């Protein structure tokens, strides 16, 4: 994989160089010391992956991510030395299309491979996502769409790259007294999950908190999957975290949650698949449609990364394909019936 480093700190650059060099399949193709330089370098030599710092002179990592994803899109991972202090910037960058976030590996650590392991795992996962070329599954006839009733309601939302900003827009568009439960599955490391819930609560104006083991989704609640395990709905209506299936690249998996909703939810439900790279959520959304639930995929024009919604559209998993700004209104209309 061809990797670029964008960082103004020489020690951080050297630490990242050494970490990347631990895997012979990876090579550093260029280094930029600020975001403006990175934007220019991407027009000259587009890498497979950029390791992007947040705090830099001239142009910071948030604006650089926005510019690169708009002009020469490629995979971006945010690399930071202070996650707590930079949590809001992290979600801004992810809102513009950054895929993930990881700590800067320590230079001179006793076991270099162990220190670099979190970064190398992220690179491996993103390499798999960028390179995957699965053929779309065969289409099947969906069950007739269920009309909303007076039964309890659930909105299951999956998102990845570009998700934080998309979730902010969607949640902002919902009324304060929205009657259904909402469960969010965003590809984010558990270290950042609590910060994301806090950020969404502040930015979107609806209280968002982490989903707890064993609790049922309740009307009016907005719950965010909060660990590196998958979240699923059990037959008794409670939420549970599980390590299985272990072979899922992203944790939490959107497919795992959507599939459990299709299998066990006995009220009204809507599945929503937002911006993101890869195919996670497409098959689960299709299962929800086959059970007669309303399913919605974000359209290409409003997606920061048109991967997951595109995969859903390709297998006819979405009953409706909508611009982001029109999804909240559709949910409100559906549950008002």
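Any Cβ shown, glycine's included, is placed from N, Cα and C.
Marked as domain 'Response regulatory' by Swiss-Prot on the basis of sequence analysis: 2-119. Feature annotation from Swiss-Prot assigns 4-aspartylphosphate to 53; the stated evidence is sequence analysis. Under the heading domain 'CheB-type methylesterase', Swiss-Prot lists 144-337. Residues annotated as active site in Swiss-Prot: 160, 187, 280.
Here the features listed in Swiss-Prot are placed on the structure.
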{"residue": "53", "record": "4-aspartylphosphate", "Cβ neighbours (10 Å)": "27"}
{"residue": "160", "record": "active site", "Cβ neighbours (10 Å)": "29"}
{"residue": "187", "record": "active site", "Cβ neighbours (10 Å)": "27"}
{"residue": "280", "record": "active site", "Cβ neighbours (10 Å)": "27"}
May I ask for the distance between residue 187 (active site) and residue 53 (4-aspartylphosphate), taken between their Cα atoms and rounded to an integer number of Å?
20
Distance from the residue listed as '4-aspartylphosphate' back to residue 160 (active site), taken between C-alpha atoms, in Å:
20
To the nearest whole angstrom, state the Cα distance for the pair residue 53 (4-aspartylphosphate) and residue 280 (active site).
27
Would you identify the secondary structure of residue 160 (active site) according to DSSP, in three states?
coil
